[in-house]
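For reference, the structure is listed below as structure tokens.
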Amino acid sequence: MEPLSTGRALMVAHCVCLFWSVFVVTQNVGLTNDPYLEMKRTFGGPWKYLTFLNQSLQIVLFVICVIHDVIYICNPTRRKGLPVHIVNVRDWMFSVLVFPIGTFVVFTFWIFYAFDRKFIFNRELDGTSPSWINHFIHTTILPLLVIELIICPHKYPSRKKGVLGLSIFASIYIIWILWINYTSGIWAYPLLENLNKSGLVVFFTSSYFGIVGFYFLGAWLTKLIWVYRGDCVNRIKEVQKML
């Protein structure tokens, strides 16, 4: 059985991650001189941006984590009833949505930023949007995901169910982006304005396979970290028995 002190430490870590996620979203939404402010007020609002959707998913995830941690500490049985269902929802959200989408957002943004930033974040925006906001939104996502990956084991669904869940989300988001362009004539990202129909098909297809690749990366890292940790714990116990 996991020590109570470990459960409390886990709750503190999740509270910090939750606070940081909420702080980043409020700073993003509350930035009055945001160069994308007018775009955010157009059809779809900030919900047409994958970064904002990911931030919202992270908040939901860490709220679930904190709720589970509180119940886990207060409930003597711990393993029975509500916490089990919360764990299932937590693990599914992290493995299928939050980790692959979050890593995709970070790597995609900074790859385009390094290649030609006009496709994702024009230089003219540097004078109106603080650089720390940019890093808060597009960089600190990854450390939170790594922290959650290390401090808490997550049970991945079957490969078929995991990819299916992620595929449904990706399909809905692509349809959402296309619908926004169809109804309002605007694209959520400058890059899409420079692509023809064939280019859009190639971009969305490659993005889909990229995000699925990050799903498998998360599954591999989870297995690597927690299987290795379990082997170390077993070896330590064997040594302790010999002493």
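Heads up, the Cβ atoms here are built off N, Cα and C, so glycines get one too.
Curation does not apply to TrEMBL; its annotations are automatic.
As annotated by TrEMBL, transmembrane segment applies to 9-29, 49-71, 92-112, 132-151, 163-180, 200-221.
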Check your understanding: To the transmembrane segment (49-71), which of 92-112, 132-151, 200-221 is linked by the most Cβ pairs under 8 Å?
Key -> 92-112
Check your understanding: Near the transmembrane segment (200-221), which same-chain residues lie under 8 Å Cβ to Cβ, leaving out any that are not at least 6 residues past its ends?
Key -> 95-96, 99-101, 103-104, 107-108, 149, 156, 159, 162-163, 166-167, 170, 174, 191-192
Exercise for review: Using a Cβ-Cβ cut-off of under 8 Å, list the residues of the same chain that are 6+ residues beyond the ends of the transmembrane segment (132-151) and lie near it.
Suggested key: 10, 13, 17, 20-21, 24, 27-28, 31, 51, 54-55, 58, 61, 65, 94, 98-99, 102-103, 105-106, 109-110, 121, 218, 221-222, 225
Point to revise | Intrachain neighbours beyond the transmembrane segment (9-29), with Cβ under 8 angstroms and 6 or more residues off its ends | key: 46, 52, 55-56, 58-59, 62-63, 65-66, 69-70, 73, 133, 136-137, 140, 144, 147-148, 151-152
